[in-house]
Amino acid sequence: MAEGAALSKGDVIHKRWMFCPVTGSLLTLDAAAGVARSEKCDFQRPLEDLDDTMSVVTVADMPDYQRRYALEPLVKSKEQLEFEETLRNRVRATVEEPCPRCKNPVMEYYTMQLRSADEGQTVFYECRQCRYRLVTNN
């Protein structure tokens, strides 16, 4: 392949990583017209103006990426499904505290040590009826 040539698959040139500076949307490439244009506004630029360099990631740490950006996977692993089922079936302590949303008189709670050891635990409350969640730091 010639230096600076774009990878292509049929009529599609893989330079779609360029974005519209007005709307932030992905530019669509029109090789016949020689421009990259936004489908959301009238912005367009010549294909020659696009940078031919691109980073390709071949290895990704998906659990780290999902944790960093708080993403839920579209397809969950068997272990994740089993863990979620365990969480749904767990028995928690209860407290006679009305739910702020539905006024149910009893809420479930559990605690976790999320901050440093010399600070109090974080208490997580969840309403049995409407599943409203409340977090407090003690």
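A Cβ is built for glycine as well, from the same backbone N, Cα and C atoms used for every other residue.
A TrEMBL annotation is a machine prediction, not a hand-curated record.
The 10 Å shell around the Cβ of Cys20 (Zn(2+) 1 binding site) contains 19 further Cβ atoms across the protein chains shown. Marked as Zn(2+) 1 binding site by TrEMBL: Cys20, Cys41.
Among the features that TrEMBL reports, domain 'TFIIS-type' is placed at 95-135. Mean pLDDT for the domain 'TFIIS-type' (95-135) in this predicted model: 90.
As annotated by TrEMBL, Zn(2+) 2 binding site applies to Cys99, Cys102, Cys127, Cys130.
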Round to the nearest Å and give the CA-to-CA distance linking Cys99 (Zn(2+) 2 binding site) with Cys20 (Zn(2+) 1 binding site). 46
If you draw a 10 Å sphere around the Cβ of Cys99 (Zn(2+) 2 binding site), how many other Cβ atoms fall inside it, taking every protein chain shown into account? 19
